[in-house]
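What follows is a set of notes on a single structure, which appears directly below.
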Amino acid sequence: MEKDIKHIVVVGGGTAGWLTASLIRAELACQSIEVTLIESPDIPTIGVGEGTWPSMRQTLARIGFPESLLFTDCNASFKQGSLFLNWSNDDVPHRYHHPFTAPWQTSSIDTSLFWSQRAKETLPFAHAVNAQARLIEMNIAPKDITTPEYAAIHNYGYHFDAGLFVKRLTEFAVSTLGVRRITANVTHIHEDSDGFITRLSTDEREQIDGDFFIDCSGQHGLLIDKHSKIPFISVKRELFNDRAIALQVPYEETNSPIASATVATAYENGWVWDIGLQHRRGIGFVYSSQFCSDEQALSQLHNHIQRVTNQSPLGKPKFIQFNPGYREKFWHKNILAIGMAAGFVEPLEATALVMIEQAAKFFVDHFPHTQEQLALCETRYNHLTTGRWRDIVDFLKLHYVLSKRTSDYWLHHHNPDTHSARLTKWLTHWKTHRPSRFDLPQIESLFPSASFEYILHGMGFEQQLHLTQSERAIVEQTEKEYGNLINEAKRLLNLPTNRSLLNKIAIHGLPKI
């Protein structure tokens, strides 16, 4: 007789736990799927102020979480991409954008191709191929007050306060979605003769039976590591940052501009993130303990803050340690690891949250209704997710290997021994070819070819393309229509600033779809 899967137990809260529990309950309550989340009262969450991808809009919409609450209750602002400062070299100031909107492209026009042949010497790549880089530089919002919740005029994600987001999502999950919340520490894990978990015991003397268990216990990896002993694959040879320091910094004025992008500024031994929320900034330094002590890192962070603002940090710095890498497998029998229990590489490009989203979506969309369906789901998910982690590692490494900075930290990134064989082959291929979907052929790849183009061209990667006749025709047609594209883009500059729109949302909210 087949064993039905009806009760999901999530171990661990934080963004990973509550986002996962919320999506499962929102989508599967109609199938009588129950969700219990066990949250330790003794383990704080690591979140220090999160940046998301645009995919978060679809995730929260599926959950039914009102977008207006992000802005009124979670100190959220709009994120339209990333801005990189001084990644190219040591001495000359340099900046480039990785916006969320892809280059303008149809069957007859291609602004990326046009830029490579006609505009390369006069315009930065991101400014030439769509309007979003200009919106970012002018702190302009991606929508206006009449645009419905989760709809966009320009593609966007969010910056939000992780603590406030988890608090509000917890309330929504429990009161609106019906997730059962237990505050306790798991003390014992029970399994059957086949190695499937059947029950968890807690220090509150509760026995929680379940059919499937999701490990969102962070770096503790209570189920996937401590219990199941699934090996961890380190990527420290390629991406060796393993420390971060985070601080909160107030704005100089209550009406100070709010940045539209995560700003990543390169320094001798790492890089600084700067995230603009509504009422403060989150600023942190990412570095490698191999090249920089905690004291040196904190000094660098304070020096950066003094350079960009006259405000002093709020509270004490938060020191974070992490081991860059991911599990050998993420789905094991009736356990699925999500969040830092599954893996973490580094904060660059905000890949942590999108991996949580993708995991929760896969589980919901491929839900195993019986225990007999688990094996196929396990195989599919592990293959897909291992590929995604490898894509993340190579994509992030690309940001570093193109730099011409000369400190030991950056020179080690340049060392070919720290590059994957695939990345090395890509760089050779891209000297004469544009990045394409064939570079990452896996279905539902996280990174479109446009993301690679933004990084390559932003960093001044040298290319000598050999155009086909049809590509030459596309360049000619794009040149004819380029003026109209620019005029259309200029109209977007009439959108409100981030600060102005967020002030209106605080009063009126956003229209429901």
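Quick reminder: no glycine exception, Cβ is built from N, Cα and C everywhere.
The following features are taken from TrEMBL:
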- G13, G14, T15, A16, V186: FAD binding site (BINDING)
- K79: 7-chloro-L-tryptophan binding site (BINDING)
- K79: active site (ACT_SITE)
- E349: L-tryptophan binding site (BINDING)
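Looking at G13 (FAD binding site) and the residue listed as 'L-tryptophan binding site', their Cα atoms lie 23 Å from each other. In the three-state DSSP scheme, G13 (FAD binding site) falls into the coil class.
Taken residue by residue with DSSP, the residue listed as '7-chloro-L-tryptophan binding site' is part of a strand. Reduced to three states, the DSSP call for V186 (FAD binding site) is strand. Each of the binding-site residues A16, V186 was assessed for Cβ neighbours inside 10 Å, and the highest tally belongs to A16. Binding residues for FAD (G13, G14, T15, A16, V186) extend across at most 19 Å, taking the greatest CA-CA distance. Secondary structure at E349 (L-tryptophan binding site), taken from DSSP and collapsed to helix, strand or coil, is helix. Taking the C-alpha atom of the residue listed as '7-chloro-L-tryptophan binding site' as reference, the shortest distance to any of the binding-site residues A16, V186, E349 belongs to E349.
In this structure the C-alpha atoms belonging to T15 (FAD binding site) and E349 (L-tryptophan binding site) are separated by 17 Å. In sequence order, S82, H98, F395, L396, H399 are the residues of the chain that are 6 or more apart from the residue listed as 'L-tryptophan binding site' and have a CB within less than 8 Å of its CB.
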